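Undergrad: Structure provided below as structure tokens; questions to follow.
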Number of protein chains: 2
Amino acid sequence: MTDFAATKAMFDLPEGVIYLDGNSLGPLPSAAKDRVANMMTEEWGKMLITGWNKAGWMQKSTAVGNRIARLIGAEEDHVIMGDTLSIKVYQAVASALEMNPSRKVVLSDNGNFPSDLYIVQGLLKSLGAEYELRVVDPEVVAENITDDVAVLMLTEVDYRTGRKHDMKTLTAKAHEAGALTVWDLAHSAGALPVDLAGCKADFAVGCTYKYLNSGPGGPAFIYVAPRHAEVARPALSGWLGHEAPFAFELDYRPGRGIERMRVGTPPVIQLTSLEAAMDIWDQVDMQDLRAKSIELCDLFIAEVEAACPELELASPRDGDQRGSQVSFRFREGYAAMQALIERGVIGDFRAPDIMRFGFTPLYIDADDVRAAVAIVKDVMTNDLWDNDAYKQRAAVT
Amino acid sequence: MTDFAATKAMFDLPEGVIYLDGNSLGPLPSAAKDRVANMMTEEWGKMLITGWNKAGWMQKSTAVGNRIARLIGAEEDHVIMGDTLSIKVYQAVASALEMNPSRKVVLSDNGNFPSDLYIVQGLLKSLGAEYELRVVDPEVVAENITDDVAVLMLTEVDYRTGRKHDMKTLTAKAHEAGALTVWDLAHSAGALPVDLAGCKADFAVGCTYKYLNSGPGGPAFIYVAPRHAEVARPALSGWLGHEAPFAFELDYRPGRGIERMRVGTPPVIQLTSLEAAMDIWDQVDMQDLRAKSIELCDLFIAEVEAACPELELASPRDGDQRGSQVSFRFREGYAAMQALIERGVIGDFRAPDIMRFGFTPLYIDADDVRAAVAIVKDVMTNDLWDNDAYKQRAAVT
């Protein structure tokens with residue numbers, strides 16, 4: 001059994017704060033600052049350029065990728081770190097489109113994180129007018145996987161409501177229809193068990209600064225299924241994805257397997273911070289995490305609904321249909337969230353009316369949930385109407 | 001006058017090392033580790049998600065860009081940080097090509113850093129078979145700027161020999177011929193004064209982990225000339241380049257000016273390390289730096305040529321034609337460089353026979369140069385023939 005009291009003790013959490021926004025930016029692992037300081041002074045400071053080999057900087061992108069692979073059900077040596085999630089989306093969709101050249105449609109849904117849609121819009125504009133991004137409601141994705149779809153690109157867990165797509169079913173349906181899949185795991189990696197290999201996903205991407213706790217701007221990851229790894233052409237063909245980067249040849253030759261998805265020089269300081277976070281993850285069983293996450297979310301829903309009838313559940317009630325967050329709709333949600341933050345309960349707000357709370361068993365427990373609900377109730381009963389954000393809004397409307 | 005003794009005192013340099021590889025990875029600014037530790041504990045640790053506003057994380061990409069702008073002669077608010085240099089090359093060339101749609105040729109030279117060529121090869125393959133990357137010798141670039149060239153993409157300073165292109169003349173010639181320019185400043189930014197505005201450069205890109213000393217994997221920068229800034233379409237259209245990222249709209253609208261060249265979440269930890277390095281740069285006059293750099297390079301050339309007739313100068317003898325590095329050709333250069341590194345003189349080797357030495361007035365002075373030459377002489381006279389790398393090679397050939 002995962003010892004979540006032990007993992008909680010491995011984070012520096014500020015006094016008086018109940019942090020329910022780890023789905024946006026995870027908190028600081030206690031060990032991270034010393035790990036980074038050590039990397040800076042003992043490796044960069046003392047080894048200088050030789051750190052690339054001596055300190056293993058060049059291998060970090062694959063070494064860390066393999067530690068994340070376990071959390072998302074990926075095969076060994078098929079996940080690599082680097083860049084940002086948006087860049088990794090571009091790489092994945094560009095490669096997938098080329099592998100399905102007779103088709104020109106990318107299918108996605110309007111619950112996807114906007115950056116994924118923007119990136120594909122930019123890519124398709126470069127590729128030509130015959131390409132199309134087709135965006136449908138999340139509920140009707142399955143029936144829209146028609147035989148002109150080249151790539152199905154979805155974020156598994158909706159960033160606003162936590163609604164979870166069925167990766168296995170949708171991937172199978174895409175394959176039946178002759179489409180490839182790109183799964184964005186931004187709100188999945190570290191939030192719930194993912195089984196990329198079992199689902200036969202083609203490509204997957206994700207970030208590390210949310211549930212994985214790598215710090216602001218931590219590197220992203222990309223997964224390419226073993227059956228595609230030697231086939232996919234990297235559109236962003238940078239030197240570290242070359243078969244022999246230090247031969248300094250004039251022509252690009254893609255590196256072996258996932259290595260070709262490297263682009264430029266890896267962000268070693270951010271990767272070091274991520275390594276400290278992965279030391280915590282290495283102690284976590286994902287099934288335990290999932291059970292605890294559902295328990296915390298269910299508790300929050302039950303207690304909020306009992307205490308605050310004004311708040312309307314925006315997330316699926318069934319834990320199996322949800323990621324690791326709970327959202328409520330409330331017309332004065334912005335003001336309410338400001339009031340909550342002032343009281344030390346940190347969630348966030350997404351327009352027009354979503355109050356969003358992330359539950360992260362690594363450092364949030366049932367006592368935190370109950371304490372948070374007490375403050376939510378108090379805010380809804382007392383504080384809200386005195387809140388500046390509410391008064392400003394009331395003055396305008 | 002810039003006080004280079006003062007800047008030297010602001011770096012942590014290991015005892016017994018003369019570091020002549022700052023053109024590959026700059027050393028650790030003494031203040032960087034505390035800056036980063038403070039950012040991690042006081043900002044990330046305590047502010048958590050609110051750090052994006054409270055600690056100014058979201059503005060760092062432009063704030064740091066403006067500090068770099070001074071070093072490269074860019075107009076204010078036209079340089080932005082993020083991603084890696086290879087990604088920034090992709091952005092710049094993709095935008096420039098679209099702004100010159102009737103032409104399909106990117107002209108570059110075989111002295112360019114391979115990643116730039118690789119990235120363009122990848123981009124052009126995505127764009128279609130009608131596009132061509134034309135690679136010529138550096139000496140004949142000017143005469144090859146024909147009227148079918150859409151984009152002239154050059155690295156100002158050759159990474160192997162330090163040979164410097166004439167940015168002003170080549171840019172003018174490109175413009176006369178109807179081409180746009182993309183200048184890679186990897187070996188220029190922090191190495192010599194650059195005058196992007198005065199040269200009327202269109203796009204420029206560069207990295208920060210070499211002469212600017214941001215640490216391994218520090219973020220890159222991109223410059224877009226003011227006249228293009230509202231025109232250039234970002235091919236990598238990520239959410240932070242959107243006009244209103246936090247409106248979470250479904251369709252991409254490019255942000256204002258250089259802001260649209262943002263892609264994903266900025267690497268705040270690496271940017272913080274870069275800020276510590278920029279505190280040193282803020283004290284440096286680029287004309288002083290250039291004078292000192294040429295003086296150090298000239299001294300090294302003169303002393304090495306006097307002491308080691310086996311070493312053949314591979315860099316331009318005229319300081320005005322050079323960046324801030326000096327290279328010598330030597331058949332046993334690999335073994336010689338290994339021997340030098342063992343003796344604490346850190347330069348590097350580029351196949352087949354280039355021994356490369358970077359001169360960085362911020363932390364290298366004339367005494368260091370003389371001490372380095374004494375060791376070079378000693379290695380060439382005594383150590384080399386006992387060196388493992390030499391003996392292995394001798395055993396094979």
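Backbone N, Cα and C atoms are what each Cβ position is placed from, and that goes for glycine too.
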Undergrad: B:Thr50, B:Thr265, B:Thr272: which one does TrEMBL list with B:Leu85, B:Ser86, B:Phe113, B:Pro114, B:Ser115, B:Asp116, B:Thr155, B:Asp184, B:His187, B:Tyr209, B:Trp239 for the pyridoxal 5'-phosphate site?
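TA: TrEMBL names B:Thr265 for this pyridoxal 5'-phosphate site.
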Undergrad: So which of these recorded positions, B:Leu85, B:Ser115, B:His187, B:Lys210, get their C-beta under 8 angstroms from chain A?
TA: B:Leu85, B:Ser115
Undergrad: Determine the Cβ neighbour count for B:Phe113 (pyridoxal 5'-phosphate binding site): the number of other Cβ atoms within 10 Å of its Cβ.
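TA: Summing over all protein chains shown, B:Phe113 (pyridoxal 5'-phosphate binding site) has 22 other Cβ atoms within 10 Å.
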Undergrad: Express the distance between the Cα positions of B:Leu85 (pyridoxal 5'-phosphate binding site) and B:Lys210 (N6-(pyridoxal phosphate)lysine) as a whole number of Å.
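TA: Here the two Cα atoms are 12 Å apart.
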Undergrad: Let me know the DSSP-derived helix, strand or coil state of B:Lys210 (N6-(pyridoxal phosphate)lysine), please.
TA: coil
Undergrad: Whole-number Å distance between the CA of B:Ser115 (pyridoxal 5'-phosphate binding site) and the CA of B:Lys210 (N6-(pyridoxal phosphate)lysine)?
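TA: Spelling it out, the Cα of B:Ser115 (pyridoxal 5'-phosphate binding site) and the Cα of B:Lys210 (N6-(pyridoxal phosphate)lysine) are 16 Å apart.
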Undergrad: Can you see whether DSSP assigns B:Thr155 (pyridoxal 5'-phosphate binding site) to helix, strand or coil?
TA: strand
Undergrad: Which of the binding-site residues listed here (B:Phe113, B:Thr155, B:Trp239) have a Cα atom within 10 Å of the Cα of B:Lys210 (N6-(pyridoxal phosphate)lysine)?
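TA: Cα filter at 10 Å returns nothing.
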Undergrad: Who sits close to B:Trp239 (pyridoxal 5'-phosphate binding site): which same-chain residues at least 6 apart have their Cβ under 8 Å from its Cβ?
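TA: For B:Trp239 (pyridoxal 5'-phosphate binding site), the qualifying residues are B:Pro245, B:Gly264.
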Undergrad: Going by DSSP, is B:Leu85 (pyridoxal 5'-phosphate binding site) sitting in a helix, a strand, or coil?
TA: helix
